[in-house]
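*Asks:* Quick one: structure below, then a few questions.
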Amino acid sequence: MSEFWLCFNCCIAEQPQPRRRRIDRSMIGEPTNFVHTAHVGSGDLFSGMNSVSSIQNQMQSKGGYGGGMPANVQMQLVDTKAG
């Protein structure tokens, strides 16, 4: 006994992908609240943790990073086991 497959393309309509809206330069505005704090290159990040720490200290010394407010947060841990 053999199997016979027949595909009817007329019955299966592929849904067209929604068109993505093209963005041009006129649709992009100027940055807001931008503060330039440091130059970081790929070599800086791969040179070790001392360099990363140095970059973090440099950025914090520029200001704008100490404005956080303390908050008490309570979270409940739920242990889920696959079974």
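Placement of Cβ uses the backbone N, Cα and C atoms for every residue, glycine included.
So Swiss-Prot says this about it:
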LIPID     Cys10  S-palmitoyl cysteine
LIPID     Cys11  S-palmitoyl cysteine
DOMAIN    28-41  domain 'CRIB'
MOD_RES   Ser42  phosphoserine
MOD_RES   Ser51  phosphoserine
*Asks:* When a 10 Å sphere is centred on the Cβ of Ser42 (phosphoserine), how many other Cβ atoms does it contain?
*Replies:* 7
*Asks:* Per DSSP, to which secondary structure element type does Ser42 (phosphoserine) belong, with helix, strand and coil as the options?
*Replies:* helix
*Asks:* In the predicted model, what is the mean pLDDT computed over the domain 'CRIB' (28-41)?
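*Replies:* Summarising the domain 'CRIB' (28-41) by its mean pLDDT gives 77.
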